[in-house]
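**Q** Sharing a structure, written as structure tokens. Questions coming.
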Amino acid sequence: MVLDLDLFRVDKGGDPALIRETQEKRFKDPGLVDQLVKADSEWRRCRFRADNLNKLKNLCSKTIGEKMKKKEPVGDDESIPENVLNFDDVTADTLTNLKVSQIKKVRLLIDEAILKCDAERIKLEAERFESLREIGNLLHPSVPISNDEDADNKVERIWGDCTVRKKYSHVDLVVMVDGFEGEKGAVVAGSRGYFLKGVLVFLEQALIQYALRTLRNRGYTPIYTPFFMRKEVMQEVAQLSQFDEELYKVIGKGSEKSDDNSYDEKYLIATSEQPIAALHRDEWLRPEDLPIKYAGLSTCFRQEVGSHGRDTRGIFRVHQFEKIEQFVYSSPHDNKSWEMFEEMIATAEEFYQSLGIPYHIVNIVSGSLNHAASKKLDLEAWFPGSGAFRELVSCSNCTDYQARRLRIRYGQTKKMMDKVEFVHMLNATMCATTRTICAILENYQTEKGIIVPEKLKEFMPPGLQELIPFVKPAPIDQEPSKKQKKQHEGSKKKAAARDVTLENRLQNMEVTDA
């Protein structure tokens, strides 16, 4: 995932100042731009020198051939005149005045210079790439500039009643319908491990079927993706920080052959966006085939490093969940990708409106965007039991930022194009099932149970098409209130103090008696 290098090159029409400004607006290090420009300038000089050295080497070979054809003596003199040691000044006439043995010696020296130049070029290329991979995409003008997501995300619109309050949060409701095993899940899988069971399994499957059908009716091709990716491919779709904070690494044998002891390093996917982004890797996509729209279905795996203490109970924030994803390859021309961006968020809105989930759409501030996103809109549902908005959908236009590293090009082959162009790539959540279940539970709770949303009834089994009944008490009702806990703790402290006082008195009495 990278920007076009020509954007950093003034002689190619680029504007490093614009990228530096973008880095500042993202609250990232603008010095990376200067480091890249310096490394790129040196790299280009090095490549220019290597090209000239190769031309000179070819000229040496040509001159030797001509001299041999004329049957000139080879000679045994390998001394090199001073004027020849400066390769920049060597011409065909210079070489003509040398013996074949001398030209061969010059050619050997040129080979050494080329090797040295290539080593320097590779080093500079690595330095340039290290800076390039950490420089974010150019921002859309409508992105709010701030580093405070909580205070400055811009609310674009609201749908439904986002003021209503209800009694229970999803943490209690998943237990009340007997659809969740948290403690046992943690024993088996560790923190945030869980078993989804009973009615919530059917509700999850209903959401998956309804989301896939909705997207298929809008021209999306359903696609079930691999759950893990090779390291070299994941590096092309994920930014560096994700490897430490989000992705799980798995190691297995590199071959099915019993005598092969090599091991492969792979990564579990955090979203189906990652494998779908690589689906057309190294391809040319024809204009008449665009847009290509996929409805990705996958299990997603996330470490959630940095989320310690947040949403530790229930199924809202977990390490493993199912998700339906919108993913689109779009033309880079005529504002097509931005039109698609609006279409994708509208599709997500229609889905949640049809489920009767109130929400607002927020424009995410620049400092909270990942490197690839030029702009991101989130759909945050209203959770009446929790009294808060919670994110259900993220919709991003990454323009050509991802496609460039994956080499997914637009149009015909390079021979048919003046300049290579890259497709634009967009992604948007349709339905992360565990989070959507939480939203449904809170919004559709009654005294007796959870009303099944109208659109999901046909996907639910007989007996569960109208109401999911409560079969267990709410955990919060079983716990002592904070006031009761405080009073109980106070009573324990007073009792302990009385015991100490009584013991001291008894000891004093024993001393007096003695």
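Cβ atoms here come from the backbone N, Cα and C positions, even for glycine.
In case it's useful when we look at the structure, here is the feature table from Swiss-Prot:
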- 479-502: compositional bias 'Basic and acidic residues' (COMPBIAS)
- Ser241: phosphoserine (MOD_RES)
- Lys323: N6-acetyllysine (MOD_RES)
- 9-61: region 'Interaction with tRNA' (REGION)
- 472-514: region 'Disordered' (REGION)
- 482-494: motif 'Nuclear localization signal' (MOTIF)
- Thr429: site 'Important for serine binding' (SITE)
**Q** What's the most sparsely packed of the recorded positions Ser241, Lys323, Thr429, counting other C-beta atoms within 10 A?
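**A** Ranked by other Cβ atoms within 10 Å, the recorded positions Ser241, Lys323, Thr429 bottom out at Ser241.
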**Q** What is the interatomic distance between the Cα atoms of Ser241 (phosphoserine) and Thr429 (site 'Important for serine binding'), given in whole Å?
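**A** Thr429 (site 'Important for serine binding') has its Cα 21 Å from the Cα of Ser241 (phosphoserine).
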**Q** Express the distance between the Cα positions of Lys323 (N6-acetyllysine) and Thr429 (site 'Important for serine binding') as a whole number of Å.
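**A** Cα-Cα, rounded: 8 Å.
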